[in-house]
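Accompanying notes for the structure given below.
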């Protein structure tokens, strides 16, 4: 089965073609970072308009690179949620229109299920069951995964997601957008131990997260330095390192707890923040101590992309699942409500 995947949940337009026997045939992506940078964050209306502009050229690019024609497509998968409603509707409308024109089924894919399954595109994919850490700009969740659609939520952020905290903290200390990569870049030049930030909610039982306090702690630390006459680049680097270390160690502690609680040895880390090298290093060290293994997608499939949507959609289509002709999206959509495959 050949599935065309469309991703338009936020500020990346992604298109990919996946073959159930041959694997990924082609993928293309356009990032809107430069469009939104001047505003310091994603502007939903601009995101939707740019998806309209980019979608068809990217589809043509993927078909050309794969050597396929519309007649070779067996089905279409698209991100149906969660995400920005206008952006989601662009992808859903395009998918349903092509499905109608080409006489093929379409299936809406949960954006975070796409992220969760992205490591399945690698040469050594994880095997069920495993614990997944979904960590992105909109989500921070620990999930027990026993199969596709068989998800048990173990813990989640009660306020800001980790990626959101990265972006907001970067803005508070005068860094550019997107903040996550900027924090990571400056942290490489930070002085270890100059600032020590708290590890929120690690002093109590449970697997939930809270990162809004770290954002405030970072701002207060920066303001104290500025008031003392120190607004240097090195101080920004030191705060970035302290913030990143606190987030990474908090995530590592909670992942260790989740693995011990479930008795599982394999951990999947997915979502945009999974590209952070400090986080990968911390989790690899922890899994090494536990005699377990950590899995993640290659860096370009950590952020939003069409390949993960094509793969996830293919699995559900092979199980006989597909949508009706109505154009419908779900900006809020709990992943544990998905049917099993």
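Note: Cβ is positioned from N, Cα and C throughout, glycine not excepted.
Around the Cβ of residue 115 (Fe cation binding site), 30 further Cβ atoms fall within 10 Å across all displayed protein chains. Feature annotation from Swiss-Prot assigns Fe cation binding site to 111, 115, 304.
Per Swiss-Prot, substrate binding site is recorded for 134, 135, 136, 137, 138, 167, 180, 276, and the stated evidence type is sequence analysis. When other Cβ atoms within 10 Å of the Cβ of residue 137 (substrate binding site) are tallied across all protein chains shown, the result is 25.
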Residue 304 (Fe cation binding site) versus binding-site residues 136, 138, 167, 180 - nearest by Cα: 136
Collapsed DSSP category at residue 111 (Fe cation binding site): helix
Residue 115 (Fe cation binding site) and residue 136 (substrate binding site), Cα-Cα, nearest whole angstrom: 9
Other same-chain residues whose Cβ falls within 8 Å of the Cβ centroid of 111, 115, 304, the recorded Fe cation site, in sequence order: 7, 9, 79, 112, 114, 136, 271, 305, 308, 309
